[in-house]
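Per TrEMBL, transmembrane segment is recorded for 21-40, 60-76, 83-100, 106-128, 135-159, 179-197, 217-234, 240-258, 285-307, 319-338, 345-364, 370-388.
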Amino acid sequence: MSTLVSTLTRVAKAFGRRLGSGELGSVPAVAGLVVIWIVFQSLNSRFLSPRNLSNLSVDVVGTGLIAVGLVFVLLIGDIDLSAASVSGLAAAVFAVQNVLHGVPEAPAIIVAVLAGTAVGAFQGYIVARLGVPAFVVTLAGLLGWSGLMLYILGTSATINLDDQSFVAQLTGYYFHDDGVAYGLAAFGTAAFFLVSWRDRRRRKDAGMPYKPLGETGVRTAVVAVISFCAAHILNRFQGMPLALLVFLVVIAALDILLRRTPYGRKVYAIGGGIEATRRTGVRVVWVRVSVFMVSGTLAAVGGLFLASRITAANQTSGSVMLLMNAIAAAVVGGASLYGGRGTTWSALLGILVIQSIASGMALLGIQSAVQLMITGGVLLAAVVIDSLSRQSQQAHGRA
């Protein structure tokens, strides 16, 4: 017992030191999410019901995937204002091919996703090679790709998808076997511990500062509690949603890409200082172009999930509101607008905050105007916290 108390004390002190130096990370997002859930649950007991949380877990996926792509762009200190338009374009490309022209789903999906990748490559080249500011390039893209989407849809304001098609089932299929959700929780917990332990051993062998084993154990325990509670809640409704499973796999895979590979280190390095990174021999242009390609690809995939949710592609796909929610999710989750800080998990935390607000408002019957004002306030608060955190780290010589 005394060992556990001692470990928790050390973890708390280390955590306090990081907060004191401005390394807030995802703390504001987690704290905000807890407050939001407590408030809405106190106002409506259905908010934390298995049905609503299950629906929430599916609603976050489409916008969340777009937000993950935006995290990549934010990490290098840029912005992609065309992400939502690209998602709508991809949905339109798929629907026109599959529904109007009878192209099989598999090639239609591939073409739609590659369209997003191509858009990202095109915009990334203009930004990285020609030196045009990303804000200008992607703002033009927001208009241009929206126009192309409307052109592709033509007179068909809405193209309905087959309810039984693969794309429609992306957000409609659930794994009813309880073992799937619990198995994923167990796998995620084990993977988290193994990765943390491996990092600890690597840093120790290299003579670098490393976390105590007790802290790793505490973190693993927290992950286990959250994972198994989530699995239990999902199983009380319809089971693990396929959409959520895909979302988590994408986030985990891209987190490994960012934090465990040379490519990821280059992305973070560019966000920390592009000129210094260039002097080390990194092909900065290629990395920046590839980041925009990731953003375009994930925007296209997110667009397919959004089309799946409403089983249609229409002229309102890729709206500015979708863009604002995706950007808000990335920033609220902990990705810095100044570059160099953030993870793919930032998008998950952020979109949970944004979508929880929307879900709670809907349950309370509050008009969307109020939701927009609250979301705007949350985004502003996140940016202010990010700015203050950066100033604090600079004062402590950490930024």
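Including glycine, each Cβ sits where the backbone N, Cα and C put it.
Unlike curated records, TrEMBL annotations are generated automatically.
Using a cut-off of 8 Å between Cβ atoms, the transmembrane segment (135-159) and the transmembrane segment (60-76) share fewer than three residue pairs, counting only pairs 6 or more apart in sequence.
Contact counts against the transmembrane segment (240-258), taken as Cβ pairs under 8 Å, peak for 60-76 among the stretches 60-76, 179-197, 285-307, 319-338, 370-388.
At the 8 Å Cβ cutoff, the transmembrane segment (319-338) and the transmembrane segment (179-197) share fewer than 3 close pairs (sequence separation 6 or more) and do not count as touching. Here the transmembrane segment (285-307) lies next to the transmembrane segment (106-128) in space: the count of CB pairs under 8 Å, restricted to residues six or more apart, reaches at least 3. Listed by sequence, the residues of this chain that lie at least six past the ends of the transmembrane segment (60-76) yet keep a Cβ under 8 A from its Cβ atoms are 83-84, 87, 134, 171, 243-244, 246-247, 250-251, 254, 258, 267-268, 270-271, 274, 287-288, 291-292, 294-299, 301-303, 305-306, 308-309, 322, 325-327, 329-331, 333, 335-337, 339-344, 346-348, 350-352, 354-355.
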